[in-house]
Amino acid sequence: EKKKIMNTNKTYAERAARHPNACAKELFELMERKKTNLSVAADVTTKKELLAVADAVGPFVCILKTHIDIVEDFDQDLVDQLVALSKKHDFLLFEDRKFADIGNTVKHQYGKGVYKIASWSHITNAHTVPGEGIISGLREVGLPLGRGLLLLAEMSSKGALTQGAYTTESVAMARRNQDFVFGFIAQHKMNETDDEDFIVMTPGVGMDVTGDTLGQQYRTPHQVIVESGCDVIIVGRGIYGKPDQLEAQATRYREAGWNAYLERVRQHQ
């Protein structure tokens, strides 16, 4: 009898082949193709810096994560160039908007306004504090465009209130909305049964430091991927904080993340 392997411990290619969500499928295929589970968080505040980071780390990442509203000289040309770079280097764009309002409001925040996030960002995310209506509102805009949503189940900052029943209920909401919600921002794997496969993306990954003065807590790629069973490592300051060595740092984290993934798969074959 062939032993059943949890989805978390299968290869990205195996998970892509049977994933019901189009956005997840595309991401898994991309990760396998480029041999990377690295996402760089480009938390820079000018258009020039953001495009420089995107172009430099593009070959090494599966996802570029943005906070588009901190860019001081934002314009439509920035979006056009980001989209062009995502095609050139084969990565997805993830606007880390963390929507947190009622369905009717987030619908407009996602589709309209200055940023028109849904028009260019493959992935976005939301807090579950407002209840399930937030997913319905975002879905109306995102699903017809083939976008995907992550829910914030856990945060990496010290003293975060996202724990216990909050996390449990966030997972329950995701299970009810798997056409649009394909994963979580969290610190450990969420898959509990063989018929579900949520992608977990984990911020707060760093190999050189353990924290900052504002409560961020860092973990290594090995801790995140092998020990906690997460899928995508999100690295911010460890990469963009060293602008003179972007490629070298991106290469280093990509290798660490990929090797950790290979180790996890090997352990469960």
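Glycine too: its Cβ is placed from the backbone N, Cα and C atoms.
The domain 'Orotidine 5'-phosphate decarboxylase' annotation in TrEMBL covers 37-252.
Marked as substrate binding site by TrEMBL: Asp43, Lys65, Ser156, Gln216, Gly236, Arg237. In sequence order, His67, Ile70, Gly236, Arg237, Tyr240 are the residues of the chain that are 6 or more apart from Asp43 (substrate binding site) and have a CB within less than 8 Å of its CB.
Feature annotation from TrEMBL assigns active site, for OMPdecase activity to Asp96 (among others).
Look at TrEMBL and you will find Lys98 (among others) tagged as active site, for OMPdecase activity. The Cβ of Lys98 (active site, for OMPdecase activity) lies under 8 Å from the Cβ of Asn125, Ala126, His127, Leu152, each of which sits 6+ residues away along the same chain.
If you look up TrEMBL, you'll see Asp101 (among others) marked as active site, for OMPdecase activity.
The binding-site residues in question are Ser156, Gln216, and the one with the fewest Cβ neighbours inside 10 Å is Gln216. For the recorded positions Asp101, Gly236, the ranking by surrounding Cβ atoms (within 10 Å, all protein chains) places Gly236 first.
As a whole number, the greatest separation of Cα atoms within the substrate-binding residue list Asp43, Lys65, Ser156, Gln216, Gly236, Arg237 is 17 Å. When the binding-site residues Lys65, Ser156, Gln216 are compared by Cα distance to Asp96 (active site, for OMPdecase activity), the shortest distance belongs to Lys65. Gln216 (substrate binding site) sits 25 Å from Asp101 (active site, for OMPdecase activity), taking the CA atoms of both as reference points.
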